[in-house]
């Protein structure tokens, strides 16, 4: 129990690192939550601080999720505080990753007002199912490129993840064929992709959570007032 508590606590602290807020202070001496959409995430960093800073913020937020789901769990597996928790490996990584996402959304370092957690959640899933997440990232990037709406891309990607896992597990894997080559591709890069059913359940919960946290964006999309991203450098 102490080991599980330590994993969740360390993951929460890592997730709580307020990347975009720190970037806003360093780059322009501002609190990014007072500009743009008012959100302390990578998307607003793109809008307010420019694409280079926005990309850096997004990548760091992704890394937070990877570290929580992979490195923190691995560390405490080798250095447990008492007995290591008897929990399914994928479920444990999901718990650690979600603790980081909660830290990102409710950061202890910035008055519990952080970002929406999309990038950190993506990082967690990259650490658990990298090949499936490559597909999701492809969907995300194509949607951003053609629509210029990060909110739409986030929603599409969130819905796509559990569908991809379910199709790979219950259609391609059972029937053989295509998923063998998908796995072979991943293993050629030392990617070990999980198709554990916990991921499908979690993916569905994340999809609903993303829809909930993007409800204001959805209202703006319907009214035609949602901000589009641009790829030009801001002054």
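Every residue gets a Cβ built from N, Cα and C, even glycine.
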Transmembrane segment per Swiss-Prot - which of 4-24, 25-45: 4-24
Beyond the flanks of the transmembrane segment (4-24) by at least 6 residues, Cβ under 8 Å: 30-33, 35, 40-42, 44-45, 48-49, 53, 56-57, 60-61, 64-65, 67-68, 72-73, 76, 81, 85, 87, 92, 95-97, 99-104, 106-110, 114-115, 120
Contact ranking winner - 56-76, 126-146, 152-172 against the transmembrane segment (94-114), Cβ under 8 Å: 56-76
